[in-house]
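Everything on this sheet refers to the single structure shown next.
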Amino acid sequence: MADPKEEHDIPADSAEEPNHDPQFEPIVSLPEQDVKTLEEDEEELFKMRAKLFRFATENKPQEWKERGTGDVKLLKHKEKGTIRLLMRRDKTLKICANHHIVPTMELKSNAGSDRAWVWNTLADYADESPKPELLAIRFLNAENAQKFKAKFDECKEEVRKQKGDTATNARDERQGDTSQGDEDDDDEEEEEEEEAAVSGEASVLGSAAGVRENTDKVAEKLEELSVKVKTSEEKKKEEKKGEEGKEVTAEEKN
């Protein structure tokens, strides 16, 4: 008896496996975007792999907690000149340390270790909002730790000089503004003196003109008086001559 399975006809389509392409055209195309890390405007001064810790004061008891392992960098802004410490975790690239370098920071050895340092920062931006932190960093060996400390201290000195130059420039600008203000005051005083002198001359000329005008008026009045006096004297003389003529005529008649 024949086996029914053997008598079953195999379809021709299943004899040859078709080429299956699992790729599909996307419905919406998403263009690639460049994600900025805000490090584009900064110059990398130092970079080395290390492990970072923070002192968790909120825990009871207080303890050191690991923040992450990755590359610690010292970055200088190309325009502002500020220097900051930046560290990101491996793979996730999440920030675990981000604060400015200031002259008051000091690296201290952690429990006598020659490859670990401890320091304080008043404003760490690893969690976006700034807050004071006590941080510790550990390197692979003592040589790497010393390289980090040397560059860290060099950055502190550069920031100190920059702040000193900024303060000096600000003081010079204030002094320049003060001296310029004094010069402006002197110029204003000179202008006021010149205006006063001109007004004084004008008043003198005005008074002189007034005096001259009064003198002319007085002279005219005196001249009028003298004319009147002359006229009255002439009348008197004529009257006197007339009387004398009358007397002579009377005598001749007698």
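Start at 1 and count along the chain as shown; that gives each residue its number.
The backbone N, Cα and C atoms fix where each Cβ goes, and this holds for glycine too.
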Exercise. Under TrEMBL, which of the candidate ranges 1-29, 59-87 is annotated region 'Disordered'?
Worked result: 1-29
Seminar exercise, completed: Taking DSSP helix as H, G and I and strand as E and B, the domain 'RanBD1' (23-161) has 20 helix, 61 strand, 58 coil
For this session: Would you report the average pLDDT that the model assigns to the domain 'RanBD1' (23-161)?
Result: 93
